[in-house]
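Here is what Swiss-Prot records for this protein:
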- 55, 56, 57, 58, 59, 60, 84, 225, 226, 249, 250, 251: ATP binding site (BINDING)
- 59: Mg(2+) binding site (BINDING)
- 140, 174: [4Fe-4S] cluster binding site (BINDING)
């Protein structure tokens, strides 16, 4: 019998469930860690994690990027890693039950869980999972990600997958919600052309760099979202070496697509919609064809990023 641990009972301070020496030498003394079980390797799929400031458009970006990969003929799985479980609703047209909801319903006896209980097919064949999370202020988000991957492997649902996209909540980069980085080969940060999201992006980049000491993940770059201009993002990139990999303009049709519970690939055809679709397809193609790891940038100290941004 496979009984999973209630996530509310997990320790969330210090180096819980981790090799302590690795913790100390990796992300720094006192960091909170969730150690990757070597048996939970996702396999041959290309794995991407999407981070960014809360409300910046990560779920919109993730869902449309998932569709873009599917339009290239790839088998795609999107995993939402937010207790709000709203990552995939433009793909599935509904709010899905989360992995944690399903596990709680069977008292964490995972052998009673069926794939159809937590995996749903969305637009253009994109498979969707909402990991969910423990109640606010309790438990560990990293546990949730780990158990989601474990269930997917137990049901052999990763064997026929080409691309996995983790859509990770807000700008939290604690040991728990940084755990998708342990599975990923590339991470991207969604940011607008403003101080707050670039400041958050800089701190996320530092977390990704810390994880890259012990894991294969590398920062692919910044996706400029909801931005007419990119001058501040580009200034940040010139200083840090973290490149901009895509530019998605501030278009009202993108907002409307969320209200219609649709991806941009389902919206009525217009020149501006086609331009954004093509940008997603270009990004998906570049990510799929990338042979060499990107050059690691050098995030700035908080004071330096504060002094850098703004108009002369």
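Even glycines carry a Cβ here, placed using N, Cα and C.
Locations of recorded Swiss-Prot features on the structure.
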residue : record           : DSSP class
55      : ATP binding site : coil
84      : ATP binding site : coil
226     : ATP binding site : coil
250     : ATP binding site : coil
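Listed binding-site residues: 57, 250; maximum Cβ neighbour count within 10 Å falls on 57. Counting other CB atoms no more than 10 Å from each candidate's CB, the binding-site residues 84, 226 peak at 226.
Least packed by the Cβ count within 10 Å, out of the binding-site residues 55, 59, is 55. When the record's ATP-binding residues 55, 56, 57, 58, 59, 60, 84, 225, 226, 249, 250, 251 are compared pairwise by CA position, the greatest distance found is 26 Å.
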